[in-house]
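Undergrad: I have a structure here, written as structure tokens, and I will follow up with some questions on it.
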Amino acid sequence: MHTRRKLPQVEPRNNNINACVCSKWEEVSIMDEKNIPIRTYQVCNVLEPNQNNWLRTDWIPRSGAQRVYVEVKFTLRDCNSLPGVTGTCKETFNLYYHESNEDRESYIKESSFIKVDTVAADESFTQVDVGDRIMKLNTEVRDVKVTTRKGFYLAFQDVGACIALVSVRVFYKTCPLTIRNLATFPDTVTGADTSSLVEVRGSCVNQSEEREEPKMYCGADGEWLVPIGGCLCSPGYEEKGSACKSCTAGFYKAKSSDPGCSKCPPHSHSLRDAATVCDCHSGYFRSDADPPSMACTQPPSAPQQLISVVNETSVVLEWTPPRRLGGRSDTSYSLECLICQTLCLPCGSDVLFSPSQTGLKTTKVVVSELRAHTHYTFIVHARNGVSLASGAGATQSVSVSVTTNQAAPSPVSFVQATDVTRHSLSLSWQQPDRPNGVILEYEVKFYEKDQKERSYRIMRTFSQSVDVTGLSPLTVYVFHVRARTAAGYGEFSAPFEFSTNSGIHALTFCTVFIISRRSKYSKTKQDSEEEKHLNPGVKIYVDPFTYEDPDQAIHDFAKEIDVSSIHIEKVIGMGEFGEVCSGRLRVQGKREIYVAIKSLKAGYSDKQRRDFLSEASIMGQFDHPNIIRLEGVVTRCKPLMIITEYMENGSLDSFLRKHDGQFTVIQLVGMLRGIASGMKYLSDMNYVHRDLAARNILVNSNLVCKVSDFGLSRVLEDDPEAAYTTRIPIRWTAPEAITYRKFTTSSDVWSYGIVMWEVVSYGERPYWDMNNQDVMKAVEEGYRLPAPMDCPVVLHQLMLDCWERERAERPTFSQILNMLDKLIRNPGTLRRTVHDRLLSAVTLLFPCVRRPTGSMLESGLGPEVCVSVVPEVCVPERSMCEWLQSIGLERYRDTLAAAGYTSLDSLLGITHQ
Ligand code: ACK
């Protein structure tokens with residue numbers, strides 16, 4: 001759609017169109033077809049040749065137009081209808097123009113005009129038409145480019161026609177004002193050429209903004225061509241018609257590119273028009289990252305069901321997501337770690353959180369590198385995108401307090417050698433970075449580099465240095481050091497290599513013998529365990545708890561048995577972790593054997609699994625006829641099982657009780673010998689049993705006794721309170737092990753003495769029904785179990801030796817074994833019992849003595865007469881005391897006194913009955 005702009009209309013009037021002075025144009029009034037008078041310019045000099053009549057308009061301002069259109073309405077007389085005009089009559093006229101800035105040019109030369117066109121009539125009229133008053137009006141339009149001056153003149157040249165100019169209309173074209181794509185395009189004058197396009201930039205309508213520069217081309221014919229770019233209604237406004245109208249209350253528009261106003265999302269509202277965002281209802285929030293189209297949300301409630309599992313110095317924390325997530329899905333958790341003594345302070349940066357401490361998407365974190373045996377509080381915070389939003393308040397959290405366990409020390413990281421000679425060197429090292437408790441001792445393992453680890457030596461020391469002797473000259477040794485706390489051994493250090501010196505300069509030897517006879521057993525130093533392992537190739541027990549992965553230990557030391565090869569027959573008892581059954585095991589290629597099957601009851605914890613399997617990891621390292629043999633384990637299916645050889649007679653204590661008095665002394669000593677042999681093997685392996693008791697010895701059909709039950713060693717170490725709980729076998733345990741947990745082979749020797757007593761007394765309970773406190777007190781004060789009935793003197797003496805207060809004074813298992821072997825070889829030595837000795841002594845002096853009975857029972861020291869009492873200073877009944885001392889039976893002084901025998905005279909009443 002285009003518009004035609006009129007230039008000042010050129011009516012054929014004298015005041016604005018003028019004929020030249022010589023011109024024959026005349027202004028004439030005529031009637032049109034409807035009989036309305038109109039003014040015209042006419043010329044009709046058809047009879048005269050060479051006509052040149054000019055009619056010129058006034059100056060027409062261009063008004064910005066570049067191409068003007070001239071519409072001429074005229075009538076023209078048909079030459080043929082005029083008689084006698086042949087040759088002179090014309091039926092056309094010429095249209096000229098002349099551009100000029102001058103609006104009042106009075107005379108313009110003909111030659112200054114430029115011809116636009118020769119205009120011919122479509123229709124001409126005749127005399128008839130005139131008579132009929134038919135006006136054959138022609139309309140011709142011509143366009144002309146006018147670009148150089150402010151205005152122009154038009155001129156009509158008649159060259160001999162009969163014309164009447166009825167009207168001349170001069171106009172230009174514009175593309176009209178329009179709105180397209182929310183951009184306003186102004187009324188635009190078309191271009192100068194018929195083919196030219198005028199590029200027009202639109203301007204965005206009110207409350208809108210440019211999406212892309214709005215442009216449109218205005219064609220020469222006044223028509224707009226396809227619009228380019230456009231505008232979008234601003235935020236808060238939407239397009240209606242060709243305008244932008246504001247969003248009403250309850251609606252919003254956030255971005256100009258949004259299609260229109262939208263209803264406020266849940267938990268939000270807009271009270272005013274033109275809202276670009278809806279405000280959240282009270283208690284609801286929107287994070288910076290939330291789009292305005294998202295519902296307003298809330299922070300999450302606290303995480304739930306926080307549980308902690310402590311594993312040495314690591315804690316696994318697990319929780320369930322908050323009950324209310326606040327309408328969001330971006331809940332994350334962060335962990336606060338506090339170390340709590342009197343005050344709770346933030347944990348140090350050395351604590352590790354896996355996968356991380358903050359920004360957690362999972363509900364489980366493993367916190368490691370904590371201090372051993374320390375109280376910690378962990379707070380788990382739940383957050384989401386609006387937790388920090390203004391006014392959202394503090395995050396919701398849940399907390400748990402835990403105490404870490406004891407843990408093995410970290411590895412020793414630095415070892416150095418000084419004072420290196422050809423046969424020795426001094427090794428020193430630094431305490432581990434994380435001792436995780438009091439370091440009880442260090443273990444040094446070393447071997448000749450060439451030997452690799454085929455044979456090695458072990459030394460133990462309480463200090464951070466040790467003198468290593470007995471080395472070969474000019475030899476490279478590899479050293480590893482590890483520390484031990486109550487929680488066990490840490491890992492060995494990395495290897496440190498040191499070489500001994502050459503022997504060339506070592507010409508002088510100085511040997512010093514220090515002979516110190518500490519006791520009859522002190523020739524072998526009980527604690528100098530280094531000496532035990534000087535022999536290359538001696539196998540050393542490996543504590544499975546030093547393995548980071550307990551399953552690795554079990555695979556290193558125990559064979560996995562296919563459950564299908566086990567045939568369970570019956571339940572034979574209840575163990576600490578579950579039922580014990582008997583059954584048969586048939587391994588391919590081997591004969592079927594009877595086995596005992598210990599199983600781990602369902603619902604066990606990780607720790608219980610570890611403790612249960614640790615027994616197999618320990619047992620699997622042993623291979624001795626007096627140690628219960630491990631056949632294998634079942635760990636790949638449930639229940640977990642430990643399969644051992646079957647011992648037909650079950651545990652020794654109940655077996656002896658069942659067969660009270662039925663064995664010869666030699667048979668009993670044979671049993672004791674077996675146990676001593678098993679214990680010697682264990683001590684050679686550096687294994688401390690800690691729970692040696694008749695109930696933990698199993699007996700097979702050949703009366704062979706085997707040491708079993710390797711579960712306690714760890715239990716005691718794990719439980720710092722063990723000494724004060726019922727778990728510690730007080731009656732069997734050496735005083736130093738009870739009081740300061742000094743468990744050694746020497747404390748096992750003490751327990752062995754108790755086992756001897758149990759064996760000889762056919763399963764009697766040590767210290768009978770005395771309570772543990774009284775037992776500890778009595779032992780501390782020097783009381784020792786008396787010889788059981790018919791106890792060979794030598795055996796009771798051996799028991800007493802095992803119960804020496806000073807552990808270094810106790811015999812070694814090797815010595816015990818030698819002694820028992822000697823006794824077996826010389827059974828005569830076993831004949832003399834403690835009672836015989838007492839009675840014979842009394843009888844020697846007093847031929848008719850009476851044996852004390854009832855009064856002993858009443859004394860509360862036991863049912864038997866052979867109560868052993870550590871000698872004290874004999875004061876009141878000197879002669880009696882001296883006499884007992886002289887016959888080596890001074891320990892019976894109190895027993896005799898309690899029974900009323902305080903003087904030698906009173907002994908005269910004792911008889912054999
Ligand atoms: O005294 P018992 O018959 O001997 O009852 C206990 C019970 O299982 C719980 O420990 C018996 N027991 C344990 N290991 C074996 C085994 N290897 N052979 C036979 N009986 C066993 C033990």
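Cβ coordinates are placed from backbone N, Cα and C, and glycine is handled just like the others.
Note that the structure is predicted; figures quoted are calculated from it, not measured.
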Undergrad: With Ile572, Gly573, Met574, Gly575, Glu576, Phe577, Gly578, Glu579, Val580 listed by TrEMBL as ATP-binding, which of these, Lys539, Lys598, Lys607, is given for the same site?
TA: Lys598
Undergrad: If you check TrEMBL, which of Cys22, Cys44, Cys280, Cys296 bonds to Cys162 via a disulphide?
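TA: Within the candidate set Cys22, Cys44, Cys280, Cys296, TrEMBL assigns the bond with Cys162 to Cys44.
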Undergrad: Beyond Ile572, Gly573, Met574, Gly575, Glu576, Phe577, Gly578, Glu579, Val580, Lys598, what residues of that chain have CB atoms within 8 A of the centre of the ATP site's CB atoms?
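TA: The answer, listed by sequence position, is Cys581, Ser599.
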Undergrad: Quick one: of the recorded positions Cys79, Cys89, Cys162, Glu576, Gly578, flag those whose CB is under 6 Å from ligand 1, and say none if nothing qualifies.
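TA: Checked recorded positions vs ligand 1; nothing flagged, none.
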Undergrad: Work out, from DSSP, the number of helix, strand and coil residues along the domain 'Fibronectin type-III' (299-407).
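TA: So the counts come to 0 helix, 53 strand, 56 coil.
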Undergrad: I need the CA-to-CA distance for Cys44 (disulfide bond) versus Gly578 (ATP binding site), whole Å please.
TA: 140
Undergrad: Counting Cβ neighbours within 10 Å across all chains shown, tell me which of the recorded positions Cys79, Cys89, Ile572 comes out on top.
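TA: For the recorded positions Cys79, Cys89, Ile572, the Cβ with the most other Cβ atoms within 10 Å is Cys89.
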Undergrad: Under 8 Å, at least three CB pairs between the domain 'Fibronectin type-III' (299-407) and the domain 'Protein kinase' (566-824) (pairs 6 or more apart)?
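TA: Answer yes, regions in contact.
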Undergrad: Rounded to a whole angstrom, what is the C-alpha distance between Glu576 (ATP binding site) and Asp691 (active site, proton acceptor)?
TA: 14
Undergrad: Take every residue in the domain 'Protein kinase' (566-824), average their pLDDT values, and give the whole-number result.
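TA: Over the domain 'Protein kinase' (566-824), the predicted model scores a mean pLDDT of 90.
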Undergrad: Tell me the Cβ neighbour count for Met574 (ATP binding site), meaning other Cβ atoms within 10 Å of its Cβ, over all protein chains shown.
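TA: Step by step: centre on the Cβ of Met574 (ATP binding site), count other Cβ atoms within 10 Å, giving 10.
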Undergrad: Which residues does Gly578 (ATP binding site) neighbour through Cβ under 8 Å, counting only same-chain ones at least six apart?
TA: Lys598, Ser599, Leu600, Lys601, Pro639
